[in-house]
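Student: Residues or ranges marked as domain 'PKD' by Swiss-Prot on the basis of sequence analysis: 147-233. The N-linked glycosylation site feature in Swiss-Prot is assigned to ASN34, ASN197, ASN300; the stated evidence is sequence analysis. As annotated by Swiss-Prot, signal peptide applies to 1-24. Positions annotated as topological domain 'Extracellular' by Swiss-Prot, on the basis of sequence analysis: 25-339. Annotation comment: Swiss-Prot describes 361-435 as topological domain 'Cytoplasmic', evidence class sequence analysis. Feature annotation from Swiss-Prot assigns transmembrane segment to 340-360.
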Amino acid sequence: MAQAVWSRLGRILWLACLLPWAPAGVAAGLYELNLTTDSPATTGAVVTISASLVAKDNGSLALPADAHLYRFHWIHTPLVLTGKMEKGLSSTIRVVGHVPGEFPVSVWVTAADCWMCQPVARGFVVLPITEFLVGDLVVTQNTSLPWPSSYLTKTVLKVSFLLHDPSNFLKTALFLYSWDFGDGTQMVTEDSVVYYNYSIIGTFTVKLKVVAEWEEVEPDATRAVKQKTGDFSASLKLQETLRGIQVLGPTLIQTFQKMTVTLNFLGSPPLTVCWRLKPECLPLEEGECHPVSVASTAYNLTHTFRDPGDYCFSIRAENIISKTHQYHKIQVWPSRIQPAVFAFPCATLITVMLAFIMYMTLRNATQQKDMVEVADFDFSPMSDKNPEPPSGVRCCCQMCCGPFLLETPSEYLEIVRENHGLLPPLYKSVKTYTV
């Protein structure tokens, strides 16, 4: 019985010890810390870090009315703490780094009367500390281009160096700026702002070297000159606006005739070109044609018209800076001979005519010869004593056996000529013999 009483009493005492932890335990997981810092910083400069307790559900959960119920705890080693301030549900510390590196800083919030209790919220941040100057190189131009790092040629550029020194660590320093614009131009100024005008297109890198010098009092009361440097750069892409499109091509053409149109772009590539044939010269709408990427300032279009009529080439070109439109009217006339219909018949007719001419030429060359008949009259008395055989027998013998009986080919040719005879006489001649 006594043991049961002591057991119950121990439980009551345990719960009593846990009562101070109840608010923090209930609040755990409901809040979070928002951390802000003005880093990065150079060695020796003061860095400010702030932490604010906020609700996780974007403000619908009410924050504690009494800010003294909670306490902020910081860990910032090896950074040196130079100041701390708490106001309401926020806390701010200032630290200095004397060596370069990346240093973690953590913070958490607990109940004010129990720093060993479970944290209500935690936060963590890394501070980059460098031995060089910290800043940004900013390039601006009096144009509203939507593309980053793209600028116009022959238009003034403003190049500025913005030093990042929120703690005014370098407020007494003297600065010297060495500029290199990437096109062979260099200059040295004491001003952090310069103006420059690029005359050619291309990609350039602006380089800047900054030197800061100041005097600092040493622990032994002597003055020493301190120096810090920094190197910065920015990449620039200089473009030319599309001032227009020059179209070179015919304005009158026949159907079934291939046409080539050359487009000369007055601007800097790369370009996106889109074109379409329309009955009228109207601008192209978005999605009305298929865009083509062009890496040069010239482009050739080829097209073959099949139907006569009036047409218009609607052309649109754009680069990363601007866009332009151009139009080119074409009048298409019907062709006199449709090649698709008459090409084969014409070729066949020409071939037949050539073959016929060649045949007639060869035939005339082999058959047209001049015939000369030779008459040999023998008036000697012996001519009647040896009468010739009948003409039929003679012709047959000469025609069939002449080549074999005669001694020379010339005799054979004379026989052939005699067989043809002269023109028939108008009257029949009568032989008269004298004895």
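Backbone N, Cα and C define each Cβ position, glycine as well.
Let's see these features in context: how buried, what's close, how far.
Tutor: In this structure, ASN34 (N-linked glycosylation site) is part of a beta strand by DSSP.
The 10 Å shell around the Cβ of ASN197 (N-linked glycosylation site) contains 10 further Cβ atoms across the protein chains shown.
The Cβ neighbour count for ASN300 (N-linked glycosylation site), using a 10 Å radius and every protein chain shown, is 10.
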Student: Measuring Cα to Cα, how far is ASN197 (N-linked glycosylation site) from ASN300 (N-linked glycosylation site) in Å?
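Tutor: So the Cα of ASN300 (N-linked glycosylation site) lies 34 Å away from that of ASN197 (N-linked glycosylation site).
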Student: List, in sequence order, the same-chain residues at least six positions removed whose CB sits under 8 Å from that of ASN34 (N-linked glycosylation site)?
Tutor: ALA51, SER52, VAL54, GLY123
Student: Taking every residue in the domain 'PKD' (147-233), what is their average pLDDT?
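Tutor: In the predicted model, the domain 'PKD' (147-233) has a mean pLDDT of 92.
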